[in-house]
Amino acid sequence: MPILDEKLGDIYDEVLRRNPGEDEFHQAVREVLDSLGPVVAKHPEYTDAAVIRRLCEPERQIIFRVPWVDDSGAVRINRGFRVEFNSALGPYKGGLRFHPTVYLGIVKFLGFEQIFKNSLTGMPIGGGKGGSDFDPKGRSDGEVMRFCQAFMTELYRHIGEHTDVPAGDIGVGGREIGYLFGQYKRITNRYESGVLTGKGLTWGGSQVRTEATGYGTVFFVEEMLKVRGDSFDGKKVVVSGSGNVAIYAAEKVRQLGGTVIACSDSNGYVVDEHGIDLDLLKEVKEKRRARISTYAETRSGARYVEGGSVWDVPCDIALPCATQNELNGRDAAVLIDNGCAIVAEGANMPCTPDAVRLFAEAGVLFAPGKAANAGGVATSALEMQQNASRDSWSFDHTERRLADIMHGIHDRCLEAADRYGKPGNYLAGANIAGFIQVADAMLALGVI
Ligand code: NDP
């Protein structure tokens, strides 16, 4: 790890002390602080007004009990979270994650990342995140509905279109957002479309929201390639995961002339040298909610590998789109040996610090999640705009807006990296550009 300057080192020590056992949160804070040395050297006003210290402390953290009844009649108890991290730029905005690994440290890491990501989009949204340790896998629709209703029965008091606007994340897709919105509407007796994003197209949702995170990641990479006079044409791409982000990243890669030859889930991965068949992948994962092994059972020529690492498959471009810390130093070394030239994070913090360091040393271009996957939240903000004006835009128009936003984020990262002496470093550029906009707003709003 690089050595932090004294002021930033003190802040990091305080974060460790005040938030014990929250490893992912520590990691996310450290990654941002590592980039801020040149910024605090040039702008002492940020440390003088304790802007970074304040940024590291969520404005509000809500933890609640979620009791619900399963199909056998047994009462189940889960834990719900909403961390409202920073509202200097707008209402808190960030997804809900339903996964058994969710605890406060995960929600805080995601909420912290979200502040900078949302800032990078240039849209008026603050940062927050939430979720539960509920595992939707293997649960019936009825169980998922009752859980979502119980979750919203507490959450509704804390959210609103001008306060806090949740969306989906791992384990929370269109089905869950529907049940959550239904319960919010029932309790409040208000059709407040702007309170949640990721809604269905017939009840206030936006075109392209489903595709946005994956498409946006690929638009970002397209810009990275363009700067170097290159394109996706003929490139071999490996995507990890096979959920929302992975599927639509794969779809956009194919549209731009690349071939996605492998994807995964938490049990294993499939390799399909002819290119992943997206209709089949959607059928298996979105409709049947089955395992990725089912893909290989159905598609001739595809190979399933139980366990192992999808990063062993040689590729030109790697898009980690599954979960945090899924690509470690060992995986990075294999990718580098195999000639991989670009890694862009579709997921949040999927690369470990070791992996990121190895990519930098080897000259592999690296796009951090807070920049590369910001297309999801940006399109959520477009959904809020449409809701506020009771309008509904076409797919093509919304996709063009998304592409423009991603190109803007790409350029903002490069400009900030240049300005602070880290030319070409997307990680430093994303952290610096995301930070400065929030920090300036916090200075303007006073000590609150
Ligand atoms: P989904 O629940 O739709 O999909 C997650 C996918 O990742 C599943 O295929 C899951 O497999 C797989 N996965 C989970 N853990 C592992 C693991 N340890 N190894 C391999 N695969 C694994 O979630 P999303 O696609 O929505 O989210 C993926 C990532 O993108 C997350 O980091 C999320 O925070 C981030 N993100 C999502 C946005 C969105 O708009 N949805 C916006 C910005 C970021 P399995 O079914 O086996 O669990």
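For all residues, glycine too, the Cβ spot is worked out from N, Cα and C.
Secondary structure at Lys93 (substrate binding site), as computed by DSSP, is strand. Taking a C-beta cut-off of under 8 Å and a sequence gap of six or more, Lys93 (substrate binding site) has these contacts in its own chain: Gln114, Asn118, Ile125, Gly126, Gly127, Gly128, Asp164, Val165, Ala167, Val377, Ser380, Ala381. The feature substrate binding site is assigned by TrEMBL to Lys93, Gln114, Lys117, Gly168, Ser380.
The DSSP secondary structure for Lys129 (active site, proton donor) is strand. According to TrEMBL, the active site, proton donor annotation covers Lys129.
As annotated by TrEMBL, site 'Important for catalysis' applies to Asp169. The Cβ neighbour count for Asp169 (site 'Important for catalysis'), using a 10 Å radius and every protein chain shown, is 26. Secondary structure at Asp169 (site 'Important for catalysis'), taken from DSSP and collapsed to helix, strand or coil, is strand.
The NAD(+) binding site annotation in TrEMBL covers Thr213, Asn244. Secondary structure from DSSP puts Thr213 (NAD(+) binding site) in a helix. Spatially close to Thr213 (NAD(+) binding site) yet at least six residues away along the chain are Asn244, Val245, Tyr248, Ala249, Gly346, Asn373, Gly375, Gly376, judged by Cβ distances under 8 angstroms.
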Span of the substrate site, taken as the largest CA to CA distance across Lys93, Gln114, Lys117, Gly168, Ser380 (Å, rounded to a whole number): 16
Beyond the site residues Lys93, Gln114, Lys117, Gly168, Ser380: chain residues whose C-beta lies within 8 Å of the centroid, for substrate: Gly94, Gly95, Asn118, Ile125, Gly127, Lys129, Ala167, Thr197, Gly376, Val377
Of Gln114, Lys117, Thr213, Ser380, binding-site residues neighbouring ligand 1, Cβ under 6 A: Thr213
Cα distance (Å, whole number) from Lys129 (active site, proton donor) to Gly168 (substrate binding site): 10
Cβ neighbour count within 10 Å of Lys117 (substrate binding site): 28
